[in-house]
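Undergrad: Mind having a look at this structure? Questions to follow.
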Amino acid sequence: MENHLPNIFYFPNCVTTFPYRYTQKELDDMKPDERERFKYATFPIIKHRWSHAYVVKDNHVFKLNVETSKRLRRATPPTLSVPVSMNTMLREYITQDGTKISFECYSYLTCKKATSLHDLDDNAIRGLVEGGNRLQLFTNSVGSVKDTVGIFGNPNPFMKVPLKSLHPSMQCKIFESWIHHVPVVLTGDTGVGKTSQVPKLLLWFNYLFGGFVNLSTITFDVQEKPIVLSLPRVALVKLHSETLLTSLGFNEIHKSPVSLKFGNMQEQFVNTRFRRYGIVFSTHKITLNTLFNYSTVILDEVHEHDQTGDIIIAVCRKYIRKLDSLFLMTATLEDDRQRIEEFFTESVFVHIPGGTLFSISEAYVKNSNDSLNKFMYIEEEKRNLVNAIKTYTPPKQSSGIVFVSTVSQCDVYKQYLSERLPYKFYIIHGKIQNINDLLSDIYDNEGVSIIISTPYLESSVTVQNATHVYDTGRVYIPSPYGGREVFISKSMRDQRKGRVGRVKPGMYIYFYDVSELRPIKRIDFEFLHNYVLYSKVFDLQLPEDLFVKPTNMTRLRDVIEYIRSFNISDGVWTRLLSSYYIHILEYAKVYARGGQSAAALDSFERTGNLTDDALDAIKSLNMRAKIISHRKASTHTYALMCRLLFGVYAGKTFIAYHKRPLTGYITMITEHSFIPEY
């Protein structure tokens, strides 16, 4: 029974399971194995009710201080003996010598001297029922949603959740995986509640049973830690934490079991009274630096292969015994299953069945041009988009999402479509600051709204009234001092399609040949220095310990040698990585020196405000590029062909843009910005 979730501890989804208070009469009527279930209440009661409990004497009855509102002095506990009678109305036992003791006090004293759940008899179970009722621990298939008020100190009831992820059978499956302390790979289509419900379920399990070595040994020495849901972007941290808070009946984060962790957090997001058993929503960067502060680590959007996320996975495997549980959540295993099975040989795969709540139909619009003929392909694609939106139009008060690959394409497509269609057009991507205001306008629009977006909308924001997706099937993959546009992967297609079908039937219209879809190995497009630096911090062997290995091992070795040339010790690197963003590797030289220059550069990385001190610090790094040639790119812009003169990528040519036709040299400020050397 230790690895199985008793049904009285199901999370109350308020559809099939509700909070329930069990009476002593119901306990008497139960079969022995049904009564046994209540023994597991020992663990949450020890944590949340008995952690500061002691024995008092109230009107000649031994009780616990937590059972009475009276301020009574600590009493010497009685010697326990088997009760000879009981009063179920008063919830009291009477022993051979006439001592009266409450059911819960008897259970407390029994657990204090017991070492195993097997030591608890029916007399002890009665007190566990009383303590569990006070904590609202138990559930049943009957009850009221109103009874969820106060479970976590929440002022409002829990939300009703009919999703598959909180179905009792799925709760049992997830619990068994969690309690076995092995890596869990959780899959499920978009819309089954992976991100919105599974972390909430794991919070519930941690609240009940977290901090104990196993569920058979009784101990009052609880090593309780919070759990963490680690996400690749700040927008996701805010979105999913707000969703969970609301679903647990909270109006604000203060005094809730939820905490947020991301860079430059405003005071409104800080929970000053966070619970030890709670859940932290964190960006990958901060999770990596605080990884062992958590009992359960949940990594979401694993299929995206965010660089820091992949590093976390590598570190978790190296130190898996330091974690109680690891959950990797992904919409699809299309591209990753074989590697995960190789990387985590003891992993458990759990799939949440079912798709979105509503059906999603598909339509394919063929482009007659070869995608290699980019200009002709794009021109026909835009015409096809216009015709498709006319043919497959969202209903009034609904919206459609057009996926393009870049921010600049958002502007181009919006202008093209708005000149040919009578609908309201919006642009949403990661650089837009007022997304909530835009969503309010979209929801208030009585007509049809069309949103042009980058892959940002695949997961970062849920558009509640979206019914149609128009997918160009492309994504821009940045690379050091460049990048290129490629067709999306199967997992990205699934994510985009899953943006609809949540609140009403949806439609997915795609404008690409599915035979073009390929897995995207992002590590081959990335700066590799973070893999090298964190391998120093966590003693990883490269490339053996990496979750995804780069194709070009020579480049990895070049990065290792380049970092070695900085002459910065591993201890200093550890300090720098936990203190600074270090978006540009060379900035570490300034941070290692410290002083005013380091403070100014740090402020620039955090705020974008380039002061004279920060500029001087950057200039001291000699990050130069030579201008080879220039050409006019538009009315007010010139394209500068440049050759990089520093770092691992020295010799690489790239294009920069400026309002003037420059010659000579430029100094790189960031990967994408520079100042001319006049």
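Backbone N, Cα and C define each Cβ position, glycine as well.
So Swiss-Prot lists these for the protein:
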- 175-351: domain 'Helicase ATP-binding' (DOMAIN)
- Gly188, Asp189, Thr190, Gly191, Val192, Gly193, Lys194, Thr195: ATP binding site (BINDING)
- 300-303: motif 'DEXH box' (MOTIF)
- 371-546: domain 'Helicase C-terminal' (DOMAIN)
Undergrad: What mean pLDDT score does the domain 'Helicase C-terminal' (371-546) have in the model?
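TA: Looking only at the domain 'Helicase C-terminal' (371-546), pLDDT averages out to 94.
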Undergrad: Which three-state DSSP class does Gly188 (ATP binding site) fall into?
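TA: Note: Gly188 (ATP binding site) is in a strand by DSSP.
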Undergrad: Is it possible to list how many residues within the motif 'DEXH box' (300-303) are helical, extended or coil according to DSSP?
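TA: Secondary-structure composition of the motif 'DEXH box' (300-303): 2 helix, 0 strand, 2 coil.
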Undergrad: Using a Cβ-Cβ cut-off under 8 angstroms and a sequence gap of six or more, which residues of the chain neighbour Gly188 (ATP binding site)?
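TA: Sequence-distant Cβ neighbours: Lys164, Ser165, Lys194, Ala331, His351, Ile352, Pro353, Gly354.
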Undergrad: How many neighbouring Cβ atoms, not counting its own, are there within 10 Å of the Cβ of Asp189 (ATP binding site)?
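TA: Here the count is 20.
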Undergrad: Please give me the CB contact count at 10 A for Thr190 (ATP binding site), counting all chains in the structure.
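TA: Excluding its own Cβ, Thr190 (ATP binding site) sees 23 Cβ atoms within 10 Å.
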Undergrad: To see if you understand the setup: which same-chain residues, six or more apart in sequence, place their Cβ under 8 Å from that of Thr195 (ATP binding site)?
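TA: Thr195 (ATP binding site) has long-range Cβ partners Leu229, His240, Asp300, Met329.
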Undergrad: May I ask which residues of the same chain, at least 6 positions away in sequence, place their Cβ under 8 angstroms from the Cβ of Gly193 (ATP binding site)?
TA: Val161, Leu163, Lys164, Ser165, Leu166, Ile352
Undergrad: Val192 (ATP binding site) has how many other Cβ neighbours within 10 Å of its own Cβ?
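TA: Counting Cβ neighbours of Val192 (ATP binding site) within 10 Å gives 26.
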Undergrad: Give the number of CB atoms, excluding that of Lys194 (ATP binding site) itself, located within 10 Å of its CB.
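TA: Total other Cβ atoms inside 10 Å, all chains included: 24.
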Undergrad: Write out, in the order they occur in the sequence, the residues of the chain not among Gly188, Asp189, Thr190, Gly191, Val192, Gly193, Lys194, Thr195 that have a C-beta within 8 Å of the mean position of the C-beta atoms of the recorded ATP site.
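TA: Along the chain, the qualifying residues are Leu163, Ser165, Ser196, Ala331, Ile352, Gly498.
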Undergrad: Run through the Cβ atoms and count how many others sit within 10 Å of the one on Gly191 (ATP binding site).
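TA: Around Gly191 (ATP binding site), other Cβ atoms within 10 Å: 23.
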